[in-house]
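Residues annotated as transmembrane segment in TrEMBL: A:7-29, A:70-93, A:113-134, A:161-184, A:223-240, A:270-291. What TrEMBL records for A:66-290 is domain 'ABC transmembrane type-1'.
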């Protein structure tokens, strides 16, 4: 058996590695190369050194977009994880324990399905639906629910709240998945631990903070990485929902949208590549930081 | 699900690494982008079909050679080609077989064929997936149409094709002075309103700014929003309104300076006055929630008589056809004169040719492709096109005296009334997308957030000069 081991492994790896090299690694190398050019997307390529990065440094919209991505990076994971944890706890353990098993609150099986619904909708559909929810006049769902004599809220058309609206939709869409993820994690926590704690007279709140959270910490960290990466994207929602895509006045612009518009609309493939390189390093830094933090925590689990 | 996470310690780090890899994948790989228009073989000239030039055959086509055409299947449909143009072409050339096909993805279908040296003879380059026509011209893939425009018209005796067209039609398809594109449809821009509503209320269409604001007051008193446009995705309609006013104040030269990125072009008094006047309209008469609405939503409100004036092009009537209630009669008004000293008279309008048709230079039968274009530019074909698509053509007066729809009649009248005071407008919005983007944001600020004309001019001037100094942007000029 041992003799055939390497051909066997290589046979499995060669296709995916080739695909990965062609469509990911090669494309990345090309992006780095293009970021040093002023290529328009058509015609000859001319190299301009680090001009694109200097331009980027002075680009107000770039800094705005970075701020918006950081806003999402901080708030999206925190809020989503907290909500998902609470819901997952209620669905699995919140009903207390009877006959030696812990249970969720009444009707938890139905809730679990309902929570997962948003995950089944394509992001584009979610964006269109929430475009109507946040409609700026009385035909918008929220404005329609407000008392008739209120001045309509502009939501996405208001520079102050546009990004918040995007955040809310991202959370709404993500929570369901993490409820299921955390539920699975909670399912793997031995029931005896809860039982023992309950015998000692622990309340539901104590159970949540002293038992569920620590034993679920690993799953939470996985969720954190996923959500962090989602925060670097947000392209579809911003592209479909916002005023003038990324507006008003760049109030909802994010890096991914900037890359898309520069590459495919403004014929500035070189500049778009430079933005792509920045996003690459941001994502890399985020992933590296998260991995570092995880290593330190591994004792706990 | 439980199984996957039952032993998290085993999987966690791999999972995190994988997650990180996914994140890297999510970074759009612009590197994948590698379109090329440059290709195409040069040796196909010898195989091209030609015939003997004569008075009856001014382009010298081979009467027996087939012609292949590709039509964009979009808002205009394809019936005009299959039911009007091709039968008309075959009436004159019964032995030339026309091979027809239609697509919604012009670039995807045509670009590879151009690069392979096997393009169709006549192509309708249109839609969201259209090819960059400047690049096609540069690559020598579009046939020079000089002889087409100099040829006699098919059914208007005593005139060349060029002479039968509206002013600016040839110019708009010219690159460095040579015509390569036939822009066929003709769009008239102005203020659209419901003629029936205006008649009912005894409102008359304003020609001066004082009349305009006085009427807006009356309309507002009647509980209707006097003026509106959709800020979320159609603010460029408003840019066009503002710049049309500027053009009327100071002639088209103002707009040419903008296109040529001339320093101080946006600080021109004409632009400032126009911005000032429109900013006040925004302050007083617009519905502020329109900033967050899309064009269809505002257009629907106009159909419901909740909005009186809407700045748009003549496609509006056809676009709204299914939402327009009976009794609603679209009509267009030229933008009122801003000052008494406007250099162009009140009926002056902005109208532009659009929708590119071109003959491939390196196809099998370029002369046939051009002859097909000549057929399209006949009066009969133009009228057929207008009837089928509710859209005017560049063939001047082709639909005069024919009633097709109220909006179209109104647009046609506006063109007649304007006479020689029709200007093509500006091209910076297609030349410099980034500047176009900035103008949309700036006009939204002007109209919805305080109407500060100087701020509008400063912001646009800054953006325009940034484009002018950016070496990575290909520059164009016009005169």
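The backbone N, Cα and C atoms fix where each Cβ goes, glycine too.
Sequence-distant contacts of the transmembrane segment (A:70-93) (same chain, six or more residues past either end, CB-CB distance under 8 Å): 102-105, 108, 111-112, 115, 163, 166-167, 170-171, 174-175, 178-179, 181-183, 185-187, 194, 204, 207-208, 212-213, 216, 220, 223-224, 227-228, 230-232, 234, 254, 286. With a cut-off of 8 Å between Cβ atoms, the residues of this chain six or more beyond the transmembrane segment (A:270-291) that come close are 28, 31-40, 48, 52-53, 55-56, 62, 69, 73, 221, 224-225, 228-229, 232, 255-256, 258-260, 262-263.
Between the transmembrane segment (A:223-240) and the transmembrane segment (A:7-29), the number of CB pairs under 8 angstroms, six or more residues apart, is fewer than three, so the stretches are not in contact.
Tertiary neighbourhood of the transmembrane segment (A:113-134): same-chain residues 87, 91, 140-142, 155-156, 165, 169, 172-173, 175-177, 179-180, 236-237, 239-241, selected by CB-CB distance under 8 Å and a gap of 6+ residues from either end.
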